[in-house]
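In TrEMBL this protein carries:
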- 47-62: transmembrane segment (TRANSMEM)
- 82-104: transmembrane segment (TRANSMEM)
- 124-149: transmembrane segment (TRANSMEM)
- 155-172: transmembrane segment (TRANSMEM)
- 184-204: transmembrane segment (TRANSMEM)
- 224-251: transmembrane segment (TRANSMEM)
- 272-293: transmembrane segment (TRANSMEM)
- 330-349: transmembrane segment (TRANSMEM)
- 369-388: transmembrane segment (TRANSMEM)
- 394-414: transmembrane segment (TRANSMEM)
- 434-452: transmembrane segment (TRANSMEM)
- 464-492: transmembrane segment (TRANSMEM)
- 511-539: region 'Disordered' (REGION)
Amino acid sequence: MAAGGSSSGQPQFIARAGNESFSHAPLIENPETGQIVVPDKKSWKNLFAYMGPGFLVSIAYIDPGNFETDLQSGAQYKYGLLWIILVASCAALIIQSLAANLGVVTGKHLAEHCKAEYPKVQNFILWVLAEIAIVACDIPEVIGTAFALNMLFSIPVWCGVLLTGLSTLFLLALQQYGIRKLEFLIAFLVLTIAICFFLELGYAKPDVGEVFYGLFVPQLKGSGATGLAISLLGAMVMPHNLFLHSALVLSRKIPRSVSGIKEACRFYMIESGFALMVAFLINVSVISVSGAVCNSPDLNKEDQMSCNDLDLNKASFLLRNVLGKWSSKLFAIALLASGQSSTITGTYAGQYVMQGFLDLKLTPWVRNFLTRCLAIVPSLIVAIIGGSSGAGKLIIIASMILSFELPFALVPLLKFTSSRTKMGTHVNSTAITVLTWIIGFLIMAINIYYLMTRFIHVLLHNDLQLVAVVFIGILGFSGMAIYLAGIAYLVFRKTKESTHLLALTTEESQQLSNTPSKRSGYGLPNEDLTSRTTSDDVN
C-alpha cells in the first residue's frame, strides 16, 4: 500500500526523509487518542504512568481457578507443589515481559502479528484455539461466582451459574469510568485478597522449613501430583494473558525514540514483576494455609471431611481464625471480586483476539455475553449432574486445557520477539532467547508426558472390548500426532512478515534520537483500550 492514502481510511505510517530529526516526531497522525501520555523525558517518576497493565494481567494468576488448584494442592500434598508456583511465576515474569515488549516495540499486539504472519487456515486454527482458551479461562470464573453466590445467599450452584450472565452489567458499569480507574480498582482487590490470606498465614503458622523445602526442592509424588502440577501451571501461565498483555501496553502513549522504548520495556518489566510478586505471595499463602490447616493433627472431623474433598465452596473454614463467623461471607465476597475481575480481563483478551485474528470488532458487552454463554453451558451441565464437587473438578480440567493450549500462543510470541525482522534492535538477547525456549520446551514436555501416560493408563485399565480399545487408541494417538505436528510447525516455520517498526533501529537513527527537537514523538494512538483499530503497514 502506498503511503499516500488508505482505502480503509485508517491512519497510516508516515515516512520522513532528509536530515530532519525524526526521532521525536509522531509516526501516525491522529490528534485525538484515548491513551495515557507518558512524559517525553527520562525520570523514574514515569514508572507511575506505566503502572496498571501488570495488575490487570496478574488477576489471571489469582482467579478462582488458581484458588481451586492451590487449595487442592495444599490439602493433598501439603507444601510439595510450591516449587511449581515458584517456577511458574518466574517463567510468567519473563514471558509476560516479552509480550509487553512485542506491543511496545511494534505497536501491534500478538493476535495482529499472528494474522500478518500465518496463512489463512493456520490463522483460523490459532484463533479457534485462542477462543477455546478464553472459554476455558472463563469456566472457573463462572463456577467461582456461583460458589460465591451460594455462600452469600444460599443459592444452588446451578442457579448461580445461570446468574453469572448478569456480570456483564457489572462489567459495563466499570468500563464507563475509564481504564485508569479500572486498574486502580483491580489493584485494590488484589491487595485486599493478599491481606486476607497473609493474616490467615500468620494464624496457620506453617513450618517455615517445610515451606522453603517445598519451594526449592522439586518433587512429584504420584500421577495425581503430576495432574495437579499441570493444572497449577495452566492456571499460572495462561495463553490468553499473552494476547492481553501485548495489547494492554498500547494504552500508554510513549515517546518513540530508542531510549523511550527501552524505558517503556524496562518499566513494564518492573511493574509486571511487582504485580506478579504479589500474585506469587498470594498463591504461596493459599497453598501454605491449606496445607497447614488440612494436615493439622488436631483437625476436627467436619473440617477433615472438607479437606478430603476441598473446593471453593468449602474453603471458607480456612479463614475462620481471621474472620470468625463472617468467614464464609467475606470469603465469598473476595471470591466474587476475583471472579468478576477475571471476567473483565477475559473480555478484554477476547476482544483483542477477535479483532486481531479476524479484524472483527464487537461491543464489549456482546463479546462478554458470547464468551460467558459458551462457558455457562458445560458449567451448568456439570453443576446439575455432579454438584459442587463436579464443578470443582471442572475447574481443574479447564486449567489443564489452558496448559495444553499454551504452546499455540507461547511459540509465536517467542518466535516474534526473537526475530530481528520484527523487533529490530530490540530483539531478545541470546541469553533470553535460550532461556525462554528452554521454558517453552519444558512446559510442552510436561504436558505431552502427562497426556501420553494418562492416555496409555486409560487404554490398559478399562472394561472395553479389544476392538474398541484399538479404535480409541488410534484416534488418541492420531490426535497427539496432530498436536505435536502443530507445535512443530510453529517452532520450525521461518518468520517471514517484517514489521514496520515504530522505533529507530539503525545506528544513525539512534544518534538522531539524542538530538533535541521541539517535536515529541509518541506511540501508536488508540481510540480507547477496547476499540483500537489496526493500522496497515506501509511497504
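Yeah, the Cβs are placed from backbone N, Cα and C, and that goes for glycine too.
Contact between the transmembrane segment (224-251) and the transmembrane segment (82-104) is supported by 3 or more Cβ pairs under 8 Å, counting only residues 6 or more apart in sequence. Spatially, the transmembrane segment (394-414) is not adjacent to the transmembrane segment (330-349); fewer than three Cβ-Cβ distances between them are under 8 Å for residues at least 6 apart in sequence.
Spatially, the transmembrane segment (82-104) is not adjacent to the transmembrane segment (330-349); fewer than three Cβ-Cβ distances between them are under 8 Å for residues at least 6 apart in sequence. The list of residues near the transmembrane segment (434-452) in space but at least 6 beyond its ends in sequence, with Cβ under 8 angstroms from a Cβ of it, reads 91, 94-95, 98, 226-227, 229-230, 233, 237, 403-404, 406-407, 410-411, 414, 417-418, 428, 480, 483-484, 487. Using a cut-off of 8 Å between Cβ atoms, the transmembrane segment (124-149) and the transmembrane segment (330-349) share at least three residue pairs, counting only pairs 6 or more apart in sequence. With a cut-off of 8 Å on Cβ pairs spaced 6 or more residues apart, the transmembrane segment (47-62) and the transmembrane segment (272-293) reach 3 or more such pairs and are scored as touching.
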